[in-house]
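Comments concern the structure below.
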């Protein structure tokens, strides 16, 4: 389960921001996770208390997770489409191409926002 390592890295990064800005409490951390990333949001949520126990700054911190949908671009016709549309059409829903496709979004895993004071 690499989610524990991710959560500990998130906590370290947030601590850097907290020190640099003299923050005394972290209210919430918003993460954005891509739909087809290898990160399982439920595991992040379950691992977060382990990171929170390491520092009182995280005592009442809420972990918020937003899922970013996977989007593809067809290099044949220029159409942009979702993973669901790709799966339904078995390729580009516009021209049926299934080789010259570029993944635009969906593998992300980053901190979007830190609510603190």
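Including glycine, each Cβ sits where the backbone N, Cα and C put it.
TrEMBL: automatically predicted annotations, no manual curation.
Residues annotated as Ni(2+) binding site in TrEMBL: 2. DSSP assigns residue 2 (Ni(2+) binding site) to coil in the three-state reduction, outside any helix or strand.
Summarising the annotation, TrEMBL assigns Zn(2+) binding site to 74, 77, 92, 95. Residue 92 (Zn(2+) binding site) falls within neither a helix nor a strand when secondary structure is assigned with DSSP, and so counts as coil. Close to residue 92 (Zn(2+) binding site) in the fold, though at least 6 residues off in sequence, lie 72, 74, 76, 77, 79, 81, 86, 98, 101, each with a CB less than 8 Å from its CB.
Between the C-alpha atoms of residue 2 (Ni(2+) binding site) and residue 95 (Zn(2+) binding site), the distance comes to 38 Å. Other residues of the same chain near the Zn(2+) site, with their Cβ within 8 Å of the Cβ centroid of 74, 77, 92, 95, are 76, 78, 79, 91, 93, 94, 96, 97. Here the binding-site residues are 74, 77, 95, and the one ringed by the most other CB atoms within 10 angstroms is 74. All protein chains considered, the CB of residue 2 (Ni(2+) binding site) has 11 other CB atoms within 10 Å. In the three-state DSSP scheme, residue 77 (Zn(2+) binding site) falls into the coil class.
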